[in-house]
Amino acid sequence: MAKVSLEKLLRIPPSLTQSISQTKVDYLNLGHSGLRVSRPILGGLHLGSRKWLPWVLDEEKALPILKAAYDLGVNTWDTANVYSNGESERIIAKALSKYKIPRNKVVLMTKCYRVMSDPERFDPGSGVTMHHELADYSKDYVNQWGLSRRALFSAVEASLDRLNTSYIDVLQIHRFDHTVPPEETMSALNDLIRAGMVRYIGASSMWTFQFATLQHIAETKGLTKFISMQNHYNLIYREEEREMNQYCKMTGVGLIPWGPLASGRLARRPTQEEGSLRASCSAHGSLYESDDYNVDRIIQRVAEIAEKRGWPMSHVSLAWLNRRVTAPIIGFGSVGRIEEALAARGKELSRDEEQYLEELYVPQRIQGHS
């Protein structure tokens, strides 16, 4: 009887087999932490209100994308309090509720630092976040942004309310705050973790010396250190390779880059029409100069390898990137885009192909730092 029971326990349960077969992603440890995140991570910049940016998906279109992502195994969702002035966080909470997704089965990542629309005059389309340097001159916005103890606790409390959750898995500081002593920032972040409001902390685009300073303060004072860096990194913007990527690799910080496909440029030929509303809007005033000769030549080489291998261009770009990071953050405009990205799973380029893609790169001005 005992032998029969043991044999039954040793069999893989059908429910586990089914779950594995439905999972179309890999899960990797985020830096030296024990937290495992999906590759890719879903980016929440695309979800919110079209009043904020014309290519953002309103709730009606955003909810099915979150459901599809979850069903396929993309259970790590990144957002920020300023995305559509909080609407992105609210829609994520709506998805968890509407589709009865257990909170413990998703990893929620959000960010704070920038100023948001005043709740008393709330406007999801407000561009106040682009003018945080003026906030401290306003009676309504003073102390409502940045990385002070006051601002951090207020931001996290508000994000918890919008996300309808008791904790944030990874709280990321959106940029470095020059106006606050770094010791105050790291102490407050540590206290947020001790209070149970946050599980882990991460950071986003900044200079390496700034990030190293924050990590050094945490280490010397026995405070919680950052486990992730969300920086700007892709085949046509590789300035982070100079210091930040190497520092993170050396110190066990996971890289989760934004803009992995350069607003879609690395997923289509230079002469091809924009594949999304965001791409067409980004053609003017984009981070990526549309007439950069070397950039276009790199993209053309992505197209050559894609044609040779019979892959979409996005798979070539992601195959190059995935060897160098933990997980890229991708904003999906449709369920089809999710499926395309997940089909890149396990694909690798040869060293010769990687060198062919890399050799045309020339240094660029630093983009995305505060």
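Each Cβ is built from the backbone N, Cα and C atoms, and glycine gets one as well.
Fair warning: this is a prediction, and the values are worked out from it, not measured in the lab.
Tyr83 (active site, proton donor) falls within a helix when secondary structure is assigned with DSSP. For Tyr83 (active site, proton donor), applying a Cβ distance below 8 Å and a minimum sequence separation of six or more within one chain yields Gly44, Leu45, Leu47, Gly48, Trp52, Glu89. Annotated active site, proton donor per Swiss-Prot: Tyr83, in sequence order.
Around the Cβ of Gln230 (NADP(+) binding site), the number of neighbouring Cβ atoms within 10 Å comes to 25. Per Swiss-Prot, the feature NADP(+) binding site maps to Asp78, 204-205, Gln230, 259-269, 333-341.
Look at Swiss-Prot and you will find His174 tagged as substrate binding site. There are 23 other CB atoms within 10 A of the CB of His174 (substrate binding site), with all protein chains counted.
His174 (substrate binding site) has Gln230 nearby among the binding-site residues Gln230, Gly264, Ala267, Gly333, counting only those with a Cα within 10 angstroms of its own Cα.
Among the binding-site residues Leu261, Ala267, the residue whose Cβ has the fewest other Cβ atoms within 10 Å is Leu261. DSSP assigns Asp78 (NADP(+) binding site) to a strand in the three-state reduction.
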